[in-house]
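Annotated in Swiss-Prot:
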type: SIGNAL; residues: 1-19; note: signal peptide
type: TOPO_DOM; residues: 20-582; note: topological domain 'Lumenal'
type: REPEAT; residues: 56-79; note: repeat 'LRR 1'
type: REPEAT; residues: 80-103; note: repeat 'LRR 2'
type: REPEAT; residues: 104-128; note: repeat 'LRR 3'
type: REPEAT; residues: 129-151; note: repeat 'LRR 4'
type: REPEAT; residues: 152-175; note: repeat 'LRR 5'
type: DOMAIN; residues: 201-253; note: domain 'LRRCT'
type: DISULFID; residues: 275-328; note: disulfide bond
type: REGION; residues: 351-375; note: region 'Disordered'
């Protein structure tokens, strides 16, 4: 009986403690007709500078408003296990401990608006698995880190408005799993609609927020903006421009293209999947299975120029587990695009007949090969195989031969001396059999499409006679490897107008070894291939153009050429070319001898006329300036006998002399004598 009484007292005490309310707060209990209820606590004392610690443990909603609290300490609410709504608004909170919200497993709503937060502990959202509303409005947050994105998937309402954000992570809008299809049978707890508040921030409008800009231009039922009328603050040309009217430069969503969407291949064969993507900035390409799981195959990825990227994934010795869909995903700051390639494995196992150096017919299993894309694989320049080309400074090609159970490949890259360029892949989708030719010509076409042309005895076969299956057989036979043989000291021993003879030293070779000679006009697109016997250690290349420059590489049969196995040479010029230059020089010299004196004579005449023109105009002006008079005084004709018309010239001379001079120096010998004038 005594123990029972003590137990009642303890329970009463604990119940009283659970109902205690801090002096600076008000606690209300709202009951319901069914006997249940919830406790609401409001703390708004302006003198409160610390969080209260003796809150009722059954508190469901806690509001701490308009206080001077500056910090939320670690595990500040850990004992409020029933707390569902936490409002710490319009205080002076500047920092939050990462473990401040520990044990709040029932919390649905967290509002921290109107504080001075410069950062938020995003990882603390893991302590609140049921949180749906996060309000960070009107703080001083400057950025959202990339690490925060994985914690946002369960939020249905996120308000980051009126902060100091200038940008967001490019994948910000991909934080919610509803944007990606959810596999059937998987429980998705993420909300079906997201409400975002992003207005009133000094946004820098570039590719990083291009998805958000595009979102403001369309109506998306899954994502709702609290205020779609957001404006750009930077760069200067977009200052004050609404998102709906902003046009971003150098920002283009990726576009993906595959060479084939369906591939059928025999069991145990090798398959290449190719994917090409364009966009700005240059997109990155990844390969996944249909369930988004990563692939475990060899992938080569290269960007021949800005805004373009290709990728090839190699499936060697495929089996039934390799059948299915493969996704090629291209992604950049502006968005993501994907394409799907379906691989079907046929249950027929065949063994190809290995080719040899003589011409014969061989059978190959049917292979469908498709270039593709994947993760990037870097290749050092020291191990790159080189070949001269004129495609572009940033392009090259590589050819892959497929023969089960392994895939051999080599790269032919354009170079000058020792310059190594980036790699572009020669993609082939071929199967069946063909006859081996002694001389082959590989033609690479622009635009990403590449064909294989075969020449035999110096003449090319018509396109219709060479099927894709034959092309693969020829390409396969060029890749038979003799790993121990090596070519050294390649040199030119003789040159003519239309041919050249090459010689070399060969080490670690067998008696029946063969070598492959690859040559092309320097900078040309046609690549010619011929076989030679290594026992002679020399080969003569005929059919060259006089005065032309060529590049040639000599390597063991099936082994790609290396840098030290290539040489550049020129054929002799035709003598007629020199005579033409001499004739042109003589004609030019003769023309100069004839024309130069004529030009000098014309210049002399022009200068002479220029010098004579000035006195001529002065004489003309003098004639028009002076007036002729018959008499100087208005007397009768009888009185002025001395100034008769017969003396008109003398009157003119008199006008040129001063009056005083005339009167002092004129004398008359007689009445009828001629007067003399002195000036």
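The backbone N, Cα and C atoms fix where each Cβ goes, and this holds for glycine too.
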Do you know which of the disulfide-bonded residues 275, 328 has the most other C-beta atoms within 10 angstroms of its C-beta?
275
Considering every residue in the repeat 'LRR 2' (80-103), what is the mean pLDDT value?
94
Helix, strand and coil residues within the repeat 'LRR 4' (129-151) as assigned by DSSP:
6 helix, 3 strand, 14 coil
Give the helix, strand or coil assignment DSSP yields for residue 328 (disulfide bond).
strand
What does DSSP give as the helix, strand and coil breakdown of the repeat 'LRR 3' (104-128)?
6 helix, 3 strand, 16 coil
Which residue counts does DSSP give the repeat 'LRR 5' (152-175) for helix, strand and coil?
3 helix, 3 strand, 18 coil
From the DSSP assignment alone, can you count helix, strand and coil residues within the repeat 'LRR 1' (56-79)?
0 helix, 9 strand, 15 coil
Would you identify the secondary structure of residue 275 (disulfide bond) according to DSSP, in three states?
strand
